[in-house]
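What follows is a short report on a single structure.
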Amino acid sequence: MEENSGLSSMKFFSDQHLSYADILPPHEARARIEVSVLNLLRVLNSPDPAISDLSLINRKRSNSCINQGILTDVSYIFLSASFTKSSLTNAKTAKAFVRVWKVMEICFQILLQEKRVTQRELFYKLLCDSPDLFSSQIEVNRAVQDVVALLRCSRYSLGIMASSRGLVAGRLFLQEPDKEVVDCSACGSSGFAISGDLNLLDNTIMRSDARYIIVVEKHAIFHRLVEDRVFNHIPCVFITAKGYPDIATRFFLHRMSTTFPDVPILALVDWNPAGLAILCTFKFGSIGMGLEAYRYACNVKWIGLRGDDLNLIPEESLVPLKPKDSQIAKSLLSSKILQENYRDELSLMVETGKRAEIEALYCHGYDYLRKYIATKIVQGKYI
């Protein structure tokens, strides 16, 4: 029987070498730490003792790829099974090598005590215990990523809780386990604070009659939209992470996307490279979280600001791109994740050397944002 050449040429599971970080119960996470320590002790007690290198999943851009959804609209960044070494004998990686074991030690204690800590709390604990090893939050964050890459389990499995800046407001009812129902339309202009406890978020019951979920880059814009109760005119839920999205807000949005799969998610960001980077983080995840990105990615559409909105903004409200903008633009343009219409927008920013902020629309009045969003939705102008 002749083989169907069309089907045989299709490469299903082409990303089968994805590297994942498992979600584990505390006893299994402790077991992985114990195995790592026992392996180190076994080598040290051997007739020819030596401290072996740590084999970590490579988190560099060169090891990242994009999983293009076939049966779903959601695509996400992932890391393939390529490894890098951290060695005690290498001057550049020696401290990083030791930091991994110290972070594992603290995580083991946290898991034994059945507690959760934020990375900020973890930093101060490590700063007190080992000031020679940890002098900044970024060193702790990198060490945590190294432990995740070594043990192949999520940071939440290690007792590390996400620190959340996120807020939600609008047509959404939330009920956390053993608590009263929260009406997010009645929380005032400050909205409802999204918990950093991912387990709590995972077990929160959600109900909504919203027709749209709108992710807002800026806290000030979120405040304006909620204070004006725009969700009463446009049946929607507003979410903000107050800038670059934290893990908890991304997880919350992902939960909403799976709970309400038919509700479009729209992003309102500044027309600049940073705004697009924020949108892409919600949409695809990030390389730093490549082992867990698939748990946070959502099919987010870009509603604005975009290049075709510049005619709504006075010339004097456009400001020059900053050096940081140029760096972000260069990074995004060189990435594999950027779809063509996003690339066109970014190229226009670079070509004009200008950026526009959402607040520039206030030249039409403080209530103009509602009309702007409604017009975009009615005309289906989101990409």
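For all residues, glycine too, the Cβ spot is worked out from N, Cα and C.
According to TrEMBL, the protein carries these features:
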ACT_SITE  Tyr124  active site, O-(5'-phospho-DNA)-tyrosine intermediate
DOMAIN    96-160  domain 'Spo11/DNA topoisomerase VI subunit A N-terminal'
DOMAIN    212-377  domain 'Topoisomerase 6 subunit A/Spo11 TOPRIM'
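For Tyr124 (active site, O-(5'-phospho-DNA)-tyrosine intermediate), no same-chain residue lying six or more positions away in sequence has a CB closer than 8 A to its CB.
Mapped onto DSSP classes, the domain 'Spo11/DNA topoisomerase VI subunit A N-terminal' (96-160) shows 46 helix, 4 strand, 15 coil.
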